[in-house]
Amino acid sequence: MALSKSSNTYGRTSWEDSEFPILCPTCLGDNPYVRMMKEKFGSECKICVRPFTTFRWCPGARMRFKKTEICQTCAKLKNVCQTCLLDLEYGLPIQVRDQALNIKDNIAKSDVNKEYFIQNAEKQLSATDHGVPGAAGGPGKSHPPSDLLMKLARTAPYYRRNLPHICSFWVKGECKRGEECPYRHEKPTDPDDPLADQNIKDRYYGTNDPVAEKLMRRAATLPRLDAPEDKSITTLYVGNIGEKMLEKELRDHFYQYGEIRSITIVSRQQCAFVTYVTRSAAELAAEGTFNKLIIQNRRLVIRWGKSQGKQNVPGTTNTEAGARFEPVPGLPRALPHPEELEHNFFNLAPTTSAFPSPYPQFAPPTYPLMAPPPPNPSPNQPELPGFLAEGQSGIHYPSQDPTRLGAINKTRQT
């Protein structure tokens, strides 16, 4: 039984008629008032060769017109867009998705088996979930999410894919339309580039897809988030949170990994710091959110927090690696530790009290004794008694000089 539109009209009951296409946000475009041209049984499906209802539209200004390439039954079996054949949930090629989820392709490829398989698939789609993508054993959302897919998934539409094709006349130098030309006036890419040779059937069946191979090579070189050696670090840095991110939204997601001690949001820098009670919870959160966390359609940046800097030893300089270097000659030395001062702000010699207190914590403060005066300038001047014990040295201040206080012993002349 031939189902092709060009061969005969036998079996038209199996031809597909639909009211709206199955499209991804990129192919649909950013215009909410897009107008489509619908043609009933307009062309044959590129996979099952059955006539189906085609749609043609322009996704936006200065974009090329796009149309559906496969029927809705084939699109539902793989949960892909009818135009670009990329996965509707992750925006990735079928080959990448099937390898990440370990899905085996069981769709028939021969003409006779394909016809029988499509008929049974249509019955299952009509009987279960009323034609929801992924209902007939397809990938859909019935499979658990994969870390690889979350890292490679595209979170926003890529409208550059809708740009017009390159003008071949402009490449030859013969285009006379100028700015009115609907095609791009750009140099083409390397013809030997494998991305320039793509097959729609290879993309649908997930074999020899150059775009998928490029993404798999990129996945092999993705960065990893290694835990720091300092076990005291339990803080995660969360970047790209936006201005409208609330603490409740972060707490609702991060609490599943362990008990949270605090969450600090820095609105000016659009980042936050999530501190856990235990190190194991922080490691579990870092592993579960690195390059995977998407909140409010924003992919958040996850990094480990930095350790608090330790105090430097006086006379040395510490670096991040822990090495110590001698200070530069000529520069002032580091300030002493507060415990080393012991309230001795003038570097005076310590003294002991003659009456020790039985309660040291309530003992009165001791004050240093004054330094002895300078030697007498003349033999006639009597020697003043000193204030320090014999053999004890002190610091002399100019204000303690008796000669400057009018205490000179003058002999009365007669």
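Every residue gets a Cβ built from N, Cα and C, even glycine.
TrEMBL does not curate its annotations; it predicts them automatically.
Marked as domain 'C3H1-type' by TrEMBL: 166-188. Counting only same-chain residues 6+ beyond the ends of the domain 'C3H1-type' (166-188), those with a CB under 8 A from a CB of the stretch are 64.
The feature zinc finger is assigned by TrEMBL to 166-188.
The feature region 'Disordered' is assigned by TrEMBL to 180-199 (among others).
The compositional bias 'Basic and acidic residues' annotation in TrEMBL covers 180-190.
Annotation comment: TrEMBL describes 234-307 as domain 'RRM'.
Taken from TrEMBL, the feature region 'Disordered' applies to 365-414 (among others).
Positions annotated as compositional bias 'Pro residues' by TrEMBL: 365-382.
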Roughly where does the zinc finger (166-188) sit in mean pLDDT, to the nearest integer?
91
For the region 'Disordered' (180-199), residues assigned helix / strand / coil by DSSP
4 helix, 1 strand, 15 coil
